[in-house]
Every structure is written in C-alpha cells, then in structure tokens.
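Engineer: My structure is below; once you've seen it, I'll send some questions.
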Amino acid sequence: MFSAIARKLFGSRNDRYLRSLQPLVDRINGLEAEYEALSDSELTAMTYAFKARLEKGETLDDLLPEAFAVVREGSKRVLGMRHYDVQLIGGIVLHQGKISEMKTGEGKTLVATLSLYLNALSGKGAHLVTVNDYLARRDAEWMGKLYQFLGLSVGVIIHGIEDQQRKAAYNADITYGTNNEFGFDYLRDNMKFSLEEMVQRPLNYAIVDEVDSILVDEARTPLIISGPTEDSTDKYYKVDRLIPQLEKERHYTLDEKQRSVTFTEEGNEQIEQLMRQAGLLRDGDLYDLHNIEMVHHVNQALKAHAMFEVDRDYIVKDGQVVIIDEFTGRMMPGRRYSDGLHQALEAKEQVVIQNESQTLASITFQNLFRLYNKLAGMTGTADTEAAEFQSIYNLEVVIIPTNRDMVRIDRDDMVFRTLEEKLKAVAEDIKVSYEKGQPVLVGTVSIEKSEMVSHFLKKLKIPHEILNAKHHEREAEIVAQAGRPRAVTIATNMAGRGTDIQLGGNLEMRLKKEIDPEASPAERTQQEIQIRTEYEQDKALVLASGGLHIIGTERHESRRIDNQLRGRAGRQGDPGSSGFYLSLQDDLMRIFGSERMDGMLKKLGLQDGEAIVHPWINKAVESAQKKVEGRNFDIRKNLLKFDDVMNEQRKVIYDQRKELMENEDIRDFIDEIREEVVHALVDSHLGEDVYPEEWDAKGFREAMLNQFNLDLNVESWKHEEGVTHLVAKERAMAAVKAYSEAREARLGPPLMRYLEKSIMLQVLDTLWKEHLLNMDHLKEGIHLRGYAQKDPLNEYKREAFQLFSMLLQRIREEAIEFLGKVEVQQPEEVAAYEAELAEARNQQMSLNHPESGSWGGEGEGPSSEGAPHLPFKRDGEKVGRNQACPCGSGKKYKQCCGKLS
C-alpha cells in the first residue's frame, strides 16, 4: 500500500529514470540546427573527429550528445527518417547496457543505429544480434547506407558464407548477424589450429534484438557442434517397435507440467520382458551396468512416442524429421535433437536414421552473451520477465513510452467449453470483420490448430493465407500484406516477428512486385500512380473499419508471447482491436484446473456455443500463466547454475588453446610438463619412504618406456650405493632431457617447436571431446542423487571437478607420450596431416540447436542455491597463479585449473 502511494507521489523507478535522461535529450536537440548547416563531407568528418577525441582520453559518454545528433542528421539525409525524442531515449538506454522495451512499430531498427554508431567509434566492433538471416540481411542493407555515409564499415553474418567473408564481416565497425551464427563462430574459432584462421575479434558490444526470445525462450537450448559416433542405428528401429505395446498410466506416466515421462514399476518389468523376447537384452536386468546403453535407447524411444507430436513439435518433409521452433512455429532444417532423441523420432516415423552424434563443442546463449564486455537488448515485450533479466543477467528493463498514444481496444477473454464451439465462434468473428473490410490476424499455437481454423474458414468460403512451418517460404510477403482490406492471415506462434504489418499493406513491396520493369518509363509512372492511389484507398478503408483485428485462438504458457501477438495491432497510434478465444480443452486450461471450471460453468447453466466473459476469468488465466512462468524461471535459473560449472571449464580450456596458438615457442611449457610427469612416475613407483630394494623397478621401467620411449636399467640402481628417491628423479630427468635434445638435434629446432605446438593442440582437442561426453553422462543421472538426500548441484560440482582434474592430468601425459614417440621425415608431413584433420572435421561437423537436456532433472529432486550469477559486464581481469581458483575447489589457480598454464 505504501509503495503504491509513493509511486503516485514520486512516480515509478522507470518514470524517474526516464526523467533523468531528459537533459541529455535536450542537449541532442540543441545541436540539431548546428548539424543541419553542415555539408555531407563535414558531417562525415565528424566520425574521424570523434575517433581522435577518444584516442586523447575522452569517453563514449562524453561524445554521446554529439554522436547521436550526427546519426540523427545523417538518417534524415540518407534514410529520410528523423529520430523522435523517445527513440533518442531508447538509444541512450541501449548505450548504457540495459534492455529497451519499445512497442511494435516504434522503430527499434532505427533506434539501434544510435548506440551502434557510438560504440563502434572505439574500433573494437559492435554487433547487432537478430533472430533470423532475413532480418540480419535486411537491416544491414537498410541501415548500412547510413553507417557508410558516416564513414563506418558494415558486415553481415548469415548462414553458409565462407570463413574469409566472415572474418571481413567481423572486422567491420558494425556487424549484423543471427544469434546462432555468432555462437557457432565462437565455438568453431575455438577449434581452429592458428590465430589466423579465427574469424571473430574479442567480443566487445552487442545489442540483442528480440532479447526475450533469445535470452528467455531459448535459454534452455544450447548450441552444439557435433560429429558422428560409431553407434548402430538398428537398435533404434528394434526398440521403437516395442513402445506401442505399452499402455499409458499402466506402464508409464506423462507429466505435462514438468515435460517428463517415466516408467512405472510394472512398465519396467514389461519393457524388460519385451526386450528379452526381441533379443535386445544381454544377461541380467535392464539397469545392470552392461545394459546401460539400452536404457538410453528405451528412454528416448518412450519420449519420442509419449511427448512429441508430428505437426506440433516436428514435421516429416522429404523423408526427414524437421524440428519446428516452439516459439516461432518456423521449421529448423539442419537442426537436430541431441542424445539420440532425433534418431528415436526418425525410427518412430519410419524414415532413414542418421547416425547419432557426439558433442565436440557447446555453449548456451546465456554464457555466450556474458562473454561481451557490454550487452544491451531490445524487444516489444520484456517487462513480464524483468525480474529474470535483473536476477540472472543483471540487465535492467526500461519501458520506453510510445511516440503516439495507444488506441487499440483489448477485449476480455471468451471461454467456451469445447474446442469446436470456440473455433466456430472464431470463424464467425472473422466473418464479421471480413464483411466490413477489416484485416484479421489469427494466432494459433500449432500447425494442427491453424489447419483446423482454416477448415472452418473454408466452410464459410473466406479466402485466407496460412503462415506456419509448412508454408514459410513466403513469410515476409504474407506478413507485409496482412494489413490490406479483407486480408485474413493465420499465423502459428506469430512467425514473422520483425516485419511490420502496415495498414493498407506494404507500399514499397507492392511497388517492387507489381511495376513491370520491362515497361516504358511513362507506363511505369502510370503504374506507380495507380498503385499509390489504390494503397491510399485501402488504408482509408482499413482505418474506417477499425484497423487490424487480432484473434488469439489459445493462451500461450507465457503472457509475453500473447502480448507479442496483441502488439501487432495498434502500431504508432493506429486503431486496432484484439481478443482471445479459449476453451476448457486448451492445453493451459486443461493442465491448470479446467475440471473445476467445467463444473462451475455447468452449474451456471452455460449452453452449447455460449461463452463466459468476465474480468475474473482474465485474472484466473493470468494467474495460471504466472505459475507456469515462475516454474520455467526456476528451471532456467537451476539450469544456469549447472551450466556455470561447465562454463568455467570451457573458459579454462579455450583460454589455454588461445595461449598455445599465440606463442610460437612453447618449449619451456613442454619442459615443465615433462618434469611434472617424470616426478609423478618416480613418486608412484620409487616411493620416497620405501627402501630401494622394495622399489617397483619393473613397473617404472615399463612406464618410462611407454611414456618417453626410454629404456632405463632401473634394476641396477637398486644395488648402487647412495641411490635415493631424489637421485632416481635426477637420473630419470637427465635421461629424458638427453633423449629430447638428441631428437631435437635430429629433427631440427623449427620442426620440433612446430610439433610441440601441433601435438599439444590435437591432444587437448581429442581429450576435451571425451570430457564433454563424460560430462553429458554425469549430467543425465545427477538429479537422482536428490533421492539419497544429496544436493544434485553440489554433487555435480564435486564430480565435475574430479573429471576436470583427470582431464588436465591426461592432457599432460598424452602430449608428452606423443612427443616421445612421433616420427617425422619432413615438416610438410605435419602440415599435411593437420590440414587433413581439419578438413575431415569440417566435413563431419553438424551444427545443432536442440531442446536442451535435463540439467539436474528439470526440477526433480531437491533444488539447490548456488553462488550469485555474474552480471554481463566484465572487468576482464585475469586470474593470478597464486589466487584462489574460480572453479570453487579451494586450491590455488596454478594447482588447479591453471595447471596447464
């Protein structure tokens, strides 16, 4: 109550922050007349003047008013668009590393130019991250004219371009690209063998467009680069035939809230029996150690049948299972679910199974974007997730006021008892709008539901366009013309974000498409006049009919997705309306207490085809959505705690790789490792507290032969006077040193340096790949520790640290072993072998952005609180060798993760 009174007196935090920016906006406006008087060349010269001032010690904040004024003036001249005051505020928010929430149609693309220009002046690069290639290319071409006019270079990163083009794009002052491409380039760079091959510069500043989609919706989906494994595909078909013989509830239970499926006790017995009959089980039970691989196959097959539906989660196209993006409804060709789930779906649909893949490198979007020195975001819908952005990413959400007041009419939800009643009402609503010339956009949650709406419209003979994963080729065109009179567009999960729906249609697109390029100039002019006249008439008709009408056919789990759909109407003060039609058979209503509501509606005497409309219903639905959002937030928070463990290890390995590539001569490093390995072998076989007569001389001799290719007569040492543990160490080291020097003399120092570096990198990559597989296995079963009253997160941290310590030890041992045994005649052989390795790896690599696995079981077992999360702004300090290791082991850095360094 007191907080509400305080807000009335002093305004909200958002209001106070916006007021604090007004003096900056006034300073920018005050420069407008001065910059209008400049010639084009004088305006361009301002960029070079700003760069010179930065070099002399001024900061970007010092330059902000002048830089923004220059961009505004440049935009007026090149694009014919002037930044409004609210857009200047949006630009300041982005520069300060916050999230700018701007409603649809308020010009986010133009807003980004302000802070991108300012931050690019440092020469360290500025990235604009979008959700698809179309938007990246469109915005880079469109806004690129402005940057180039002001003397800055622009690059674009899209799928399928070569490394040379990528490097040039990253070296540009401003780079546009998709979240996936930025992530995969980061991973690929950390698999390269030389610094020259790497395409990215250090990550400096990024603006993430549709930041809610990338940092919230896709937070549980890691980017994975994988290669093929040797696993047989026959097992998937054989196991798949058994699953239809199981009964739901009796043999397995499906928890839709937790998105998990588990066998009952009877189900475990039944599947074991079926597998024995099919000859798939070796001796013993399904859960015996030697059958553990089959558990993986059975679990994925059950998940494929019970949790995944064709035309909702995936479609079968050209004999392949193609994932459908849950949030956009788009197809994701080339993307595959990991851990054998995609193979299980292929077996279920009886298409050719592609080999299961093994992870070579992976990263989540949270950890990718935390690598930037400064991060900002923009979206039309972030406020509902403001708490999550603040607590996980330390990103504050600032709501930017609209340039014109919103006049859209949002109706209360209408709730029907059955799906059929609801769809009939939707079709009737569309018919009313269609007859008065009003354009309608219908939002559905799946391909199946969009086909059902289409079926009802066909009965009423209403022409319409369908936009979903099956009809994605014309996406931009369909969305752009969805504002024409009588246009009816059915869209799954509002594909087409980023493309404005303009009332009357998109004039530019019509001119480009309908004017005949082969006609005479006079005819083309006549055609243009006719199209412009039609456009003005269409726009007037749509405005008179009430603007764009939005119909939601179901509430999404997230209020934000619903708000995105609503936000397509009422852009820039245009009229518009929206309403949601619900039924008790909808997923959200069914999962969250529809039985109780069904009984209540029957008591109220609700007849077939009647709907209940009341603000209380809206509140009940919103309450259900908040529950889901809260649960999903907890899952994402828990996932991030688990992923942070992996992230620390990844940073250590990637930093180590880069250090190896930066140094031409790693001889001292190799000598240090050799000494460590020799000392460890002596300590293990010729103990300090053991008499020489009791030494394991035979074991030590074999170990030295295996590790260094050296045959030492250790037996004779035992009988020599005065030979101690320390003397044995010195002798072994002297022998190793002499052998290494002899090899170097034979091969020559340049080749030896090349070999040391090359072998070190190859061993590190091979063992890191194995380590990722071990970490995947650890992750899969860790949540079960909760049933033994152990904290899964602490157990994961402890065992992950043990695995990582073993990895570092193995890297040292195997690198030294290879160096001792490898034989090379010519330097060209090494270079040829490396090139062959890189080529083979590139051909076999596949890029995946799957549904993430269950880090810690997605809430199963007790949850655990970890250390607070780091904000997205880094101080960039390097860990000192004598400081505590950041992985939390309690050891010094040089004795733990820094051991390789």
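Please read every residue number as a count from 1 along the shown chain.
Just so it is clear, glycine is given a Cβ too, placed from its N, Cα and C backbone atoms.
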Engineer: Record says Gln87, Gly105, Glu106, Gly107, Lys108, Thr109 bind ATP. Source is Swiss-Prot. Which of Asp500, Asp516, Asp538 does it list for that same site?
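Structural biologist: Of the residues offered, the record points to Asp500.
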Engineer: Within 8 Å of the Cβ centre of Gln87, Gly105, Glu106, Gly107, Lys108, Thr109, Asp500, which other residues of the chain have their Cβ, at the recorded ATP site?
Structural biologist: Met102, Thr104, Leu110, Val111
Engineer: If I restrict to non-local contacts, at least six residues apart, and a C-beta distance under 8 angstroms, what lies near Asp500 (ATP binding site) in its own chain?
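Structural biologist: The answer is Thr104, Gly105, Ala480, Asn506, Arg571.
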Engineer: Looking at the binding-site residues Gln87, Thr109, which one has the fewest other Cβ atoms within 10 Å of its own Cβ?
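Structural biologist: Taking Gln87, Thr109 as the binding-site residues, the minimal 10 Å Cβ count falls on Thr109.
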Engineer: What are the non-local neighbours of Gly107 (ATP binding site), defined as same-chain residues 6+ apart in sequence with CB under 8 A from its CB?
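Structural biologist: Non-local contacts for Gly107 (ATP binding site): Met81, Tyr84, Gln87.
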Engineer: Cβ distance under 8 Å to Lys108 (ATP binding site), same chain, sequence separation 6 or more: which residues?
Structural biologist: Gly90, Ser100, Met102, Asp209, Met378, Thr379, Gly380
